[in-house]
Amino acid sequence: MSLEMFDKEIFDLTNKELERQCEGLEMIASENFTLPEVMEVMGSILTNKYAEGYPGKRYYGGCEFVDEIETLAIQRCKKLFNCKFANVQPNSGSQANQGVYAALINPGDKILGMDLSHGGHLTHGAKVSSSGKMYESCFYGVELDGRIDYEKVREIAKKEKPKLIVCGASAYARVIDFAKFREIADEIGAYLFADIAHIAGLVVAGEHPSPFPYAHVVSSTTHKTLRGPRGGIIMTNDEEFAKKINSAIFPGIQGGPLMHVIAAKAVGFKFNLSDEWKIYAKQVRTNAQVLANVLMDRKFKLVSDGTDNHLVLMSFLDREFSGKDADLALGNAGITANKNTVPGEIRSPFITSGLRLGTPALTARGFKEKEMEIVSNYIADILDDINNEKLQENIKQELKKLASNFIIYERAMF
């Protein structure tokens, strides 16, 4: 029996989501379109298999084939990131980070991470996160120019003396200097942990410097710029750290790994290792630069005055409307983005004075410079006349026509 016959409600809602993804433009920087091959194996019989433990050391029988699958995923991950050890079991980036903390430090130890309101992540010590509840947290941020001042980070680190420094961000448009972070960590005897969830796809293509050999441990998601399945990974070059990480993930945080997702990670890594991937990642950055240049030419303020990676962060501190207003206006025109706090923020985190835009998903659909220029100008048109709902509807129809030339999925399920 087909899903349509068995559960038409879920079938119909899934197909409505397919329509939304195909007809609209996805510009949330953390979202992307994965491969049909990834989705195919995620929907396979591998979902049936319990495999607590690690390859060769399972608590259940019948794991000979999933052992081979996980081993293949590990080998591809190590080759991709040029590292010695990899754990591919984390179910998410947040759980990967939780595993890193559990492996390297103890409850009550101090961590230094990027302030959430400056572009950091919940799991980098935010008070509402378990990382801010289990551990004492302190923060560095960006200056008013939107860039990290590494001397300021050094001053904070020397004063606070954290056991672990987290580098990485969810809304930072510039290159992260991992070497400088390692210098600071070494000066105070701290571990350096790099969370590259947002930039991993660029890192493996040589479009952003690698955190290795500087970071003691590196984590990432596998979906954002890597275009794999939703999940997390942890990498290191230190065997002792690797053992602690493995124990922290299982049995510390998780039970049975999701073998259908681990297989999908392996498929995604195969794509990431291809020459085609390097072309894609380069285009992601090129498209982001087109987006940034058009918006600045149209007199919009960008945090840090541009971008080095896959995203731009618009600031509306000089405008009467908020990030939430911009988010809603673009949404009405079929462009999905997200409101975001900015340096010097004057509004609440639920309103914000910024907007985060990313190019990975549009690039996955085949958008290049020409299309990005069109989209960028439409964004500027909408924001220049933010209350004009007729304009928003007209642009929505134009973008729907544009999107129809770049259909990425012919069906909702594989």
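Just so it is clear, glycine is given a Cβ too, placed from its N, Cα and C backbone atoms.
The DSSP secondary structure for LEU116 ((6S)-5,6,7,8-tetrahydrofolate binding site) is helix. For LEU116 ((6S)-5,6,7,8-tetrahydrofolate binding site), applying a Cβ distance below 8 Å and a minimum sequence separation of six or more within one chain yields LEU122, HIS124, ALA126, THR341. Residues or ranges marked as (6S)-5,6,7,8-tetrahydrofolate binding site in Swiss-Prot (evidence: sequence analysis): LEU116, GLY120, HIS121, LEU122, GLU240, SER348, PRO349, PHE350.
As annotated by Swiss-Prot, N6-(pyridoxal phosphate)lysine applies to LYS224. LYS224 (N6-(pyridoxal phosphate)lysine) counts 26 other C-beta atoms within 10 Å of its own C-beta, drawing on all protein chains shown.
The number of other CB atoms found within 10 A of the CB of HIS223 (site 'Plays an important role in substrate specificity'), across every protein chain shown, is 27. The site 'Plays an important role in substrate specificity' annotation in Swiss-Prot covers HIS223 and is backed by sequence analysis.
Each of the binding-site residues GLY120, PRO349 was scored by the number of other CB atoms within 10 A of its CB, and the lowest score belongs to PRO349. Largest Cα to Cα distance within the recorded (6S)-5,6,7,8-tetrahydrofolate binders LEU116, GLY120, HIS121, LEU122, GLU240, SER348, PRO349, PHE350: about 43 Å as a whole number.
Taking a C-beta cut-off of under 8 Å and a sequence gap of six or more, GLU240 ((6S)-5,6,7,8-tetrahydrofolate binding site) has no contacts in its own chain. Taking the Cβ of PHE350 ((6S)-5,6,7,8-tetrahydrofolate binding site) as reference, residues of its chain lying under 8 Å away and at least six apart in sequence are, in sequence order, LYS324. Ranking the binding-site residues HIS121, LEU122, SER348 by how many Cβ atoms sit within 10 Å of each one's Cβ puts HIS121 at the top.
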